[in-house]
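Database features, via TrEMBL:
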- 220-281: domain 'BAAT/Acyl-CoA thioester hydrolase C-terminal' (DOMAIN)
- Ser245: active site, charge relay system (ACT_SITE)
- 302-407: domain 'BAAT/Acyl-CoA thioester hydrolase C-terminal' (DOMAIN)
- Asp318: active site, charge relay system (ACT_SITE)
- His352: active site, charge relay system (ACT_SITE)
Amino acid sequence: MFAFYFEITAPLRTPVLSVVPIRALVDETFKVLVENLSPGRPVTVRSLHHSEDRDDWEAYGHYISDHRGTVSVSDDSSFGGSYSGKEPMGLLWSMRPVPGSRPGLRLRKRDITSPLLVNISVYSGHEGFRDQEPLASVVTERWYMAPGVKRVEVKEQGIRGTLFIPPGPGPFAGLLDLWGGGGGLLEYRAALLASHGYVCLALEYLRTSEMKSGKNEQLYFEAAFNIIKFHPQVMPDRVGLFGLSMGSLISMYLAAESAAVKPRCCVCISCNHSYLENYNKVRTDENNYTIWRDMGLEIVRKVGKISCPILLVNGQDDQNWPSVESAEDVTKLRAAGKEHLLTRLTYPNAGHLIEPPFSPHFRATNFKNIITNEKVVMLWGGQTKPHSDAQEDSWRKILSFLQLHMYSSSSPRAKL
């Protein structure tokens, strides 16, 4: 007589992963939920993006499922990974190149007519997850350009740029979007601003033949401003300037000195209202990262002539420009009796590249020097978590500032 014994085990559960919304603007939050796990199971939730430059970027958090077998990235704490603690959007803002990637990378979307695709996956355990097949995966779309936004290439009057027009007949407020000293035509911020209700012109200005000639630089910007101002869907008295780094220098110069440019308001991120000189004071740190902030500066001392509201956004760990010091100097508006026009946002441990929310932080990246044509690794500064918090907080306040001064209303505008 033989006795047979059978061990009865619980059937393996198939995890269910959801991301809501699965399609959204890049400045909108999402919720990542893993269900149908065993209670108390350790898992890793990972995001992965293959960039247009063919580099892979990732972020990940280590979690333990609750008594219901659920992990909510929005509500639960990560026990480690590229972020820790309760961070609903950590899977985006803490993205970094995967191990073994090229050094000095920066993630930027160039083709804004297509989404930034992010693969969200869940893996078993907290170790060796890159060598596993995921338990479940979802691809989510992050867009800079909302449905109905029009993209129009501009090649008139010697101007090179791209105009983004919100859906609907308008009329809309307008913005001239000016990036910094890296040059090139960058469209993603202008597309996002158009998604929030502004006709926005992303302008290239460092590599055009008109600018390289060294003649009539101010006329170039004035012509670009007028393209927006006289667009049939734009309210001509409601056109503003939006600049980062060198773009903020140009914005402040135009607002102070140009008779043709009368902006409704200005947003200046990592501002510098100075002309560069004494380039020999550029230095490098122990990692051979280039630091510009110690260069001698010739201050443009006519900020008191600015007569529109200005929002200054600065990080206290900016290693590229002396932007906090420059922002202090702008308080000369006080002496001109115009202190009421100035709003300042200053963020501890944030760096130079303050971008739309949930963008990855880059402390140092590859950079082509426009003065020497030399390729360097530029030190921008900032620590990942406080810098990311600064991006989220400042963007919300930038949109409120624009809404107040461009539309005279605090009501929110369109979402995707």
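Going from the start of the chain as shown, residues are counted 1 onward.
Quick reminder: no glycine exception, Cβ is built from N, Cα and C everywhere.
Summary for the active-site residues Ser245, Asp318: the Cβ-based neighbour count within 10 Å is maximal at Asp318. Here the domain 'BAAT/Acyl-CoA thioester hydrolase C-terminal' (302-407) is broken down by DSSP into helix, strand and coil counts: 41 helix, 22 strand, 43 coil. Counting only the Cα atoms, the space from Ser245 (active site, charge relay system) to His352 (active site, charge relay system) is about 8 angstrom. A gap of 5 Å separates the Cα atoms of His352 (active site, charge relay system) and Asp318 (active site, charge relay system). For the domain 'BAAT/Acyl-CoA thioester hydrolase C-terminal' (302-407), the model's pLDDT averages out at 88.
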